[in-house]
Every structure is written in structure tokens, then in C-alpha cells.
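These notes are about the structure you will find just below.
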Amino acid sequence: MGRASCLLLLLLPLVHVSATTPEPCELDDEDFRCVCNFSEPQPDWSEAFQCVSAVEVEIRAGGLNLEPFLKRVDADADPRQYADTVKALRVRRLTVGAAQVPAQLLVGALRVLAYSRLKELTLEDLKITGTMPPLPLEATGLALSSLRLRNVSWATGRSWLAELQQWLKPGLKVLSIAQAHSPAFSCEQVRAFPALTSLDLSDNPGLGERGLIAALCPHKFPAIQNLALRNTGMETPTGVCAALAAAGVQPHSLDLSHNSLRATVNPSAPRCMWSSALNSLNLSFAGLEQVPKGLPAKLRVLDLSCNRLNRAPQPDELPEVDNLTLDGNPFLVPGTALPHEGSMNSGVVPACARSTLSVGVSGTLVLLQGARGFA
Ligand SMILES: *[C@@H]1O[C@H](CO)[C@@H](O)[C@H](O)[C@H]1NC(C)=O
Ligand SMILES: *[C@@H]1O[C@H](CO)[C@@H](O)[C@H](O)[C@H]1NC(C)=O
Ligand SMILES: *[C@@H]1O[C@H](CO)[C@@H](O)[C@H](O)[C@H]1NC(C)=O
Ligand SMILES: *[C@@H]1O[C@H](CO)[C@@H](O)[C@H](O)[C@H]1NC(C)=O
């Protein structure tokens with residue numbers, strides 16, 4: 001059943017196509033991470049054999065069409081015959097990238113991997129052709145904890161998530177979908193993700209607030225704690241609040257950084273109450289000239305770094321926060337702003353590029369060392 005041995009063809013290939021290509025795979029000294037980049041038009045897939053001992057495996061196929069694999073695979077083979085071999089693999093994290101993959105081959109690989117101890121799967125720059133067959137009755141799904149997709153296009157269009165979900169066990173905790181070609185899934189067929197705590201829809205600039213309601217599939221993500229919406233075309237915090245309320249999603253932490261946000265609220269728009277579960281809000285890199293109105297009244301963490309605030313926010317403009325980040329705003333640039341009397345800010349940081357200055361409401365300054373560069 002299924003084109004099941006295709007993964008073995010990728011990981012344990014038996015066919016030696018050519019011996020003239022340069023080494024496409026590299027395994028580190030610890031036998032931990034193995035990276036293959038098959039960029040030749042006729043790659044020697046057997047090179048991937050050295051990855052069998054690795055825990056992290058990354059395979060990129062130089063944009064090749066993997067359709068010929070289907071012909072080499074015995075469609076009627078029972079994947080259970082590979083179970084022992086696959087169980088012996090150490091792989092926990094697998095990345096597959098840069099290829100055109102028939103859906104039949106993808107589900108065949110997922111079916112074989114269901115016998116492995118794989119926990120994290122990343123698919124990048126893939127074009128999935130054809131439709132995904134449903135999971136056969138006797139088969140079990142793949143027990144992933146994390147699934148990350150970036151720039152994956154699906155011939156099946158909007159139903160791809162529902163189709164892919166059938167091949168997974170329900171325990172998925174982390175789902176990330178970036179550069180989606182159709183971020184609005186057809187929610188009707190999607191079953192709930194009962195264990196999903198982190199949903200990352202970042203880097204879908206065409207999503208927008210209306211698209212967000214559709215992508216959040218009402219009541220299909222009941223356990224979400226962290227929602228990341230970086231660079232997703234969001235316009236106002238209030239609009240996002242309304243979309244979350246409409247979708248019944250109540251995250252603890254919400255990342256709206258890298259959206260161009262407007263602070264003002266359309267006065268005719270209905271007021272939106274944030275869920276009381278929300279305790280961390282990231283509004284950095286949002287082009288804000290003032291602190292938006294209608295933020296949740298109580299937050300633990302608020303990041304307003306790298307905006308265009310020209311003066312120190314007054315305490316009554318800010319929600320109650322334990323952990324506030326304001327660095328990288330013009331009012332903090334040396335020479336242009338001095339600490340305001342009565343304001344909470346007494347620190348000056350030149351740019352958001354190098355350091356993160358955290359100003360506690362209590363007045364304590366915490367300079368976070370080694371903050372990542374915001375290039
Ligand atoms: C793979 O190899 C090709 C050709 O050598 C190169 O252009 C490409 O950047 C490599 N990809 C990765 C991810 O290293
Ligand atoms: C997205 O993936 C396709 C292959 O499916 C590739 O041709 C394209 O360059 C990728 N786009 C980006 C922005 O990486
Ligand atoms: C907020 O988002 C920025 C950019 O995405 C990130 O660098 C920063 O660490 C985030 N802040 C918090 C408090 O998580
Ligand atoms: C503020 O929050 C950030 C992100 O959650 C965390 O890394 C940092 O340690 C916190 N700082 C303080 C002073 O609590």
C-alpha cells in the first residue's frame with residue numbers, strides 16, 4: 001500500500017546513480033547533524049546513507065522534481081516491513097527542502113516515518129503536486145510535536161491542511177506556516193488540534209485581519225498559548241483583538257512585531273476587550289508614533305522597541321506592565337530627548353540594532369546583554 005518506501009529511497013538509497021558528483025552530504029563529528037544538498041541534476045542519492053546515524057537531518061534537492069522516485073517505488077509494498085529499520089534511525093528532526101514532490105511520495109514518506117521517532121518536521125521551498133490520498137484505515141499517523149512549513153505550495157489549494165492533518169497524530173504542539181500560498185485554509189474539513197500551543201503565521205504579508213479570522217479556524221485551536229503574527233499585514237491592535245475574539249482564540253502571548261500598525265482606532269468601530277489570558281504583547285518594529293489606545297489593561301510584558309515614539313509615553317497612556325521595552329525609539333536617541341520628569345524612562349539607547357533596554361515600571365533598568373541583532 002502507498003508509495004511507502006520512498007523515504008528509504010531518500011535516506012537509505014540502494015541505487016547508485018553516478019559516482020562523479022562532489023560530496024553532497026556532510027555529517028558532523030558528533031554524528032548529530034547531517035546536511036545534504038543535492039544540487040546536481042542527477043544526484044547520487046546514496047550519499048544520504050551517511051545520514052542514517054544523525055539526529056538532525058536536512059536534505060535539499062536543488063529544486064529537482066522527485067516524481068521519478070514514484071516509478072522506483074513498489075506501490076504495493078507494506079511499509080510495516082521497514083518498521084524495524086526505520087525504528088532504528090536516530091533522526092528526531094528532519095528538514096526537506098527545494099524540490100517538487102508528488103503528494104503520493106510525501107504521504108508515502110510520512111507513512112514510513114510513522115515508525116520512526118521523528119518529532120520535528122520542516123518543509124521548505126516545496127511544490128507539492130497532485131492530491132493527497134486519505135490515510136489508509138490500518139495505518140497510524142506520524143506522532144510529530146512540531147511541523148514547520150515555509151514556502152510550500154499545494155496543488156490541492158485550500159484543503160491542504162486538512163489533508164495533511166490526516167497523516168498526523170493529534171499531539172502536534174507547534175505549527176508554523178510561513179510564506180503560504182493559501183494561508184486561508186478551508187476550516188470545515190480541519191479537525192481540532194487539541195494539543196497545539198504555538199501557532200506561528202508570521203511572514204504571510206497578504207494575510208490581513210480578515211484573512212486572520214479565516215486562518216484561525218474558529219475553535220480548531222483550543223489550546224493556543226503563543227500566537228505569532230509578525231509581518232502578516234495586520235493594521236491595528238484593535239482589529240487583531242476583534243479577529244481573535246471572532247475566532248475564539250485566547251493566546252497568552254501575541255507577537256505583532258513587523259506590521260505597520262496604526263495607533264488610532266476608528267471611533268465607529270466597536271470596542272474590543274482583550275482576553276484576560278493575554279500577558280505578553282510584542283509591538284516592536286511597528287512604525288508606531290504613539291502608544292495605541294485600547295491595549296489590554298494588564299500585561300506582564302510589552303515590547304514597544306524600534307517604533308517612532310517621539311516622546312516618552314506618560315504612565316496613563318501605558319497599560320500596567322512589569323516588563324516594558326522602549327529602546328530604539330527617537331525620544332531615546334541621545335541629544336533628542338532627555339529623561340522626562342515623571343516618566344518612567346531614564347535610559348538612553350542609540351538604536352534598536354544592538355541592545356535591548358528593559359525598563360521596569362518600578363524604575364529598575366535591566367540591560368539585557370547579548371541581545372540579538374535586529375538587522
Ligand atoms: C546547494 O548547492 C548549490 C550549488 O552548489 C548552492 O547554490 C546552494 O546555495 C546550496 N544550498 C544550500 C542550502 O546550501
Ligand atoms: C519558493 O519555493 C519555490 C519552489 O517551490 C522556489 O522556486 C522559490 O524560489 C521559493 N521562493 C522563495 C522566496 O524562496
Ligand atoms: C519582539 O519582536 C522582536 C522582533 O520580532 C524580537 O526581536 C523581540 O525579541 C520580541 N520581544 C519580546 C519581548 O519577545
Ligand atoms: C522581559 O521579558 C522578556 C521576554 O519575555 C524576557 O526575556 C526578559 O528577561 C524580561 N525582563 C525582565 C526584567 O523581567
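Placed from the backbone N, Cα and C atoms, the Cβ positions cover glycine too.
According to TrEMBL, the cysteine that forms a disulfide bond with Cys36, out of Cys25, Cys34, is Cys25. Take the candidates Cys187, Cys241; TrEMBL pairs Cys217 in a disulfide bond with Cys187. Local packing around the disulfide-bonded residues Cys217, Cys272 was summarised as the count of other Cβ atoms within 10 Å of each Cβ; on this measure the leading residue is Cys217.
Most Cβ neighbours within 10 Å, among the disulfide-bonded residues Cys25, Cys36, Cys51, Cys187, Cys241: Cys51 holds that distinction in the structure as shown. Cys51 (disulfide bond) has its Cα within 10 Å of the Cα of these disulfide-bonded residues: Cys25, Cys36, taken from Cys25, Cys36, Cys187, Cys217. The Cβ of Cys34 (disulfide bond) has Cys25, Glu26, Leu27, Asp28, Gln50, Cys51, Ser53, Ala54, Glu56, Val57, Glu58 as same-chain neighbours under 8 Å, each 6 or more residues away in sequence.
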